Amino acid sequence: MSGIKKVVLAYSGGLDTSVILKWLAVTYNCEVVTLTADLGQEEDLDGVDDKAMRTGASRAYVEDLQEEFARDFIFPMMRAGAVYEGRYLLGTSIARPLIAKRLVEIARAEGAQAVAHGATGKGNDQVRFELAVNALAPDLRVIAPWREWDLRSRTQLNAFAEEHGIPISSSAKQYSMDRNMLHCSFEGGELEDPWNEPGPNSYVMAVPMEQAPDEAEYISIDFEHGNPVAVNGERLSPAALVKKLNSIGGRHGIGRLDMVENRFVGIKSRGVYETPGGTLIHIAHRDLEGICIDRETMHLRDAMLPRYAAAIYNGFWFAPEREAMQAMIDVSQQRVTGTVRLKLYKGNAWPVGRQSPNTLYCHDLATFEDCATYDHKDAAGFIKLQGLRIRGYKKG
């Protein structure tokens, strides 16, 4: 069909992508190669390659991409301080360009004519996958079965699976979940009513605040050029560091978010997110910037952040504007080296101390005590000049 002889499929091993695997082979009469990416989702991936092969794949890749994910995707985003709509730390969004990148690389190695994904026609992920492929390999076709087939319900998917001998899990999931080392998201079910409180099954990476310890914990995070490198003085690899902070933040109930967001496709959706380690990195990094980056550079970067965050959320990681913004951001991060001390208590994290060899904080200028460096009289001329523009503006 359409000259497609081989397709590379992003494969999780679940019902949807297992049905897609068989559907691709039957509908397109083609060879299907699968990619299962380990992004630190802490799922047991043993046997997922065997399941893919039994379902009809000609080859099954299961790849550990955790360090690349943390180093080349999470950390650049964290250096920018990216937050979508003022709240969301983009845990799902940032994973898609890496998966798409590997799909393209495997497609090239396998001589495939197309890649495929299991994202639905209502969500953002279809856009993210396909824009990434457009940027990296515009000659490859992208197949999105949810936009092509006639299967419209879970019952129909189960019937297709039974017809083709695909194993079906007996346990029904309460939520649609997506997890990687940075976060876990929950959608669907009772959450589709924005008035309903999330249930206990929406706690995976962080405990409810009521179950968090009754005593505060202090931790330190070290940064070099904007990247976190150590926790409590222990240097860790990027992936190990994120996981360490997930464990620390999670036990204090840190990083929970319940919000209604604006999808790129125009739909409002409710999501519940857990990002314990990412929240700690974000808070500490922002605080360290306060003593390392000058005012105008920081304000220029801050003005750009909504555009940067939207670029990631909307699927433009590989777009020239995101790369241009990243270049400016990374220049600003050259000075961001130092240590931040955080106090953690029942869902909250406060910076309580920071130090840097590149600090721009001057005690002699900031002190309320007598200071020979600063002459208070100089402020009068400064204020007078600043007032020229608005002088008389509101005069009756």
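Cβ from N, Cα, C; glycine included.
Residue density at S12 (ATP binding site): 19 other Cβ atoms are found within 10 A of its Cβ, drawing on all protein chains shown. Under the heading ATP binding site, Swiss-Prot lists A10, Y11, S12, G13, G14, L15, D16, T17, S18, A37, G118.
In the three-state DSSP scheme, S185 (L-citrulline binding site) is classed as strand. The Cβ of S185 (L-citrulline binding site) lies under 8 Å from the Cβ of G91, T92, M177, D178, R179, G271, V272, Y273, E274, each on the same chain and at least six residues away in sequence. Positions annotated as L-citrulline binding site by Swiss-Prot: Y88, S93, N124, R128, S176, S185, E261, Y273.
Here Swiss-Prot flags T120, N124, D125 as L-aspartate binding site. Note on N124 (L-citrulline binding site): other Cβ atoms within 10 Å of its Cβ, all shown chains, come to 21.
Sequence-ordered, the extra residues of this chain that approach the L-aspartate site, with Cβ no more than 8 Å from the Cβ center of T120, N124, D125, are A119, K122, G123, Q126, V127, R128, V265.
The Cβ of D125 (L-aspartate binding site) lies under 8 Å from the Cβ of T92, R96, H117, A119, each of which sits 6+ residues away along the same chain. Residues A10, Y11, S12, G13, G14, L15, D16, T17, S18, A37, G118 are recorded as binding ATP; their most distant pair of Cα atoms lies 17 Å apart. If you take the Cα of S93 (L-citrulline binding site) and the Cα of T120 (L-aspartate binding site), they are about 15 angstrom apart, rounded to a whole number. Counting only the Cα atoms, the space from G118 (ATP binding site) to N124 (L-citrulline binding site) is about 12 angstrom. Across the fold, the C-alpha of G14 (ATP binding site) and the C-alpha of S176 (L-citrulline binding site) stand 12 Å from each other.
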